[in-house]
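Everything below concerns the one structure shown next.
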Amino acid sequence: MAVNNTKLAAVVDAENPAVVCGDVDDSESSFDFAGRANWLRAAVLGANDGLVSTASLMLGVSAVKPDARAMVVSGFAGLLAGACSMAIGEYVSVCSQRDVEIAQLEQAGKRGGDEEKELPSPAQAAAASALAFSVGALLPLLAAGFIAGYNLRVAVVVVVATLALAAFGCVGAVLGRAPVARSCARVVVGGLTAMAVTFGFMRLFRASGI
């Protein structure tokens, strides 16, 4: 009976090649989805870096000088510096990876083929990294840019950063297939710790009169 079933399955596959092709397409689409998920996850991490670093910088400056303009200008400077740093770092990293993969293709005699065309683009990776960082950094900037009161401005920045961190942690957990609650808590606690440490240390400069 098992032999007959095997022969029947072979006949069905021979008479319906579209079924086999459909399976291949499904695997290829799954591979494409996995690649896009990795790109999206990297974008979420970049936005998280932009949010935490810029919010921490703004809070640190506000701990010394409670001026709205100084807080916003420092945040904007952090956005530009961080976006440039992320772009340059990503460009150098992808260029190094590309050089290694091209060398492997040369050894295998596959230089100039489709595999080389599928290698990641350093320029695209740099632009994506800078854009993701900028999106995250814009959140605390927009939160603080329209509030005059010092205490309210600091509170709004912390609240907006916390909510955004929770959202980033949730998206990262879904893409990475990790526990959502644990991932969100880890991202939020880490971000709040960075902001609190920066604010606390900079407060010492104000207390000492430096």
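Glycine residues also receive a Cβ, built from the backbone N, Cα and C atoms like all the rest.
TrEMBL labels come from automatic prediction, so no person has curated them.
Listed in TrEMBL:
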type: TRANSMEM; residues: 125-148; note: transmembrane segment
type: TRANSMEM; residues: 154-175; note: transmembrane segment
type: TRANSMEM; residues: 187-205; note: transmembrane segment
Six or more residues out from either end of the transmembrane segment (154-175), which same-chain residues have a Cβ under 8 Å from its Cβ atoms?
37, 40-41, 44-45, 47-48, 51-52, 55, 58-59, 62, 136, 139-140, 143-144, 147, 182-188, 191-192, 195
Please give the sequence-distant neighbours of the transmembrane segment (187-205): residues at least 6 beyond its ends with Cβ less than 8 Å from one of its Cβ atoms.
48, 51-53, 55-57, 59-64, 158, 161-162, 165-166, 168-169, 172
